[in-house]
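Worksheet for the structure shown next.
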């Protein structure tokens, strides 16, 4: 567009120069024709034709109009020339601006070339880095494959070893089950043997400690028998005691109840007579209530203790509960005697009978609750093995 404008301005300048030359030519022609000094004026008067007066006047007017036209044309030309010069100046300025922009573009092009070179270098470096990373990744993948293969081999070995271990575990579990059965059998046999070794023993509960200071325990036991069942002494005479002592042997001042007394009779028949008499009526000694029960092992007493809450509820419901040796509960229901070895068996039994299940809404009593209940009743059972078990009066009704 700028080139087109420059060509237009150049055409305008050529047109102005052409108009000036034509004007000079016309002026020369007219002036010289009519001027006395011109070429035509140099003609002789004889050669000059006669011109009418009105033509001369018309020529003068025409000359005046031509001069005015020439003056106006000169003014217009000057104005046009000034415009052209202004436009030329603007073109020069635009040309300088364009040159500056061209220089700037050349600099930018150079910078872009440098940037392109840097980008090429960077791309080359990236390609090299990617190639190195690819090579390293291939190495890592190969290493991972090797490790996976090694792990698979190890897993297979472990699975095989685990299978062998499982088989060994199964065999060991079977052995353990046999051992547990044997241990249970041995524990049962041991409890049975201990209970049998205590079959000649009676346990006296509730005898105050201060009586020991005045009399020996064997004399106290004979007085208890004399006071509550004198017919035994009348029939058998003197009651022979092999050994009698309190259990535990060391008095604990923190206990609020007296220790139990364990007496071993030489004659088992006398022991049974005293025990049966104690089941028929409560025994007293100098106004104090005492209980006489069969002496049993600690584990048997613990098993019997688990029936506490059930035994009490069964008694309230009139089911005539009894604890059979060693720790078996029996009840009388619907004209039939039912026997249970564990509380779980009893729970399964009442679950099948909704009427009983609603009535036996009791949970097995834990040791702390049992101890608290025994403190309330004020009765204890001291086991001859270094600790004390607590029971209510109905815990051990006898065999």
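Each residue, glycine too, has its Cβ placed from N, Cα and C.
Residues or ranges marked as compositional bias 'Polar residues' in TrEMBL: 1-10 (among others).
According to TrEMBL, the feature compositional bias 'Basic and acidic residues' maps to 40-50 (among others).
For 113-149 (among others), the entry in TrEMBL reads compositional bias 'Basic and acidic residues'. Assigned with DSSP, the residues of the compositional bias 'Basic and acidic residues' (113-149) fall into helix, strand and coil as follows: 37 helix, 0 strand, 0 coil.
Taking Cβ pairs closer than 8 Å, the compositional bias 'Polar residues' (158-170) reaches no residue in its own chain that is 6 or more past its ends. Positions annotated as compositional bias 'Polar residues' by TrEMBL: 158-170 (among others).
The domain 'L1 transposable element RRM' annotation in TrEMBL covers 199-295. When averaged over the domain 'L1 transposable element RRM' (199-295), pLDDT in the model lands at 86.
Per TrEMBL, the feature domain 'L1 transposable element dsRBD-like' maps to 298-357.
Annotated region 'Disordered' per TrEMBL: 1-52 (among others), in sequence order.
Taken from TrEMBL, the feature region 'Disordered' covers 113-177 (among others).
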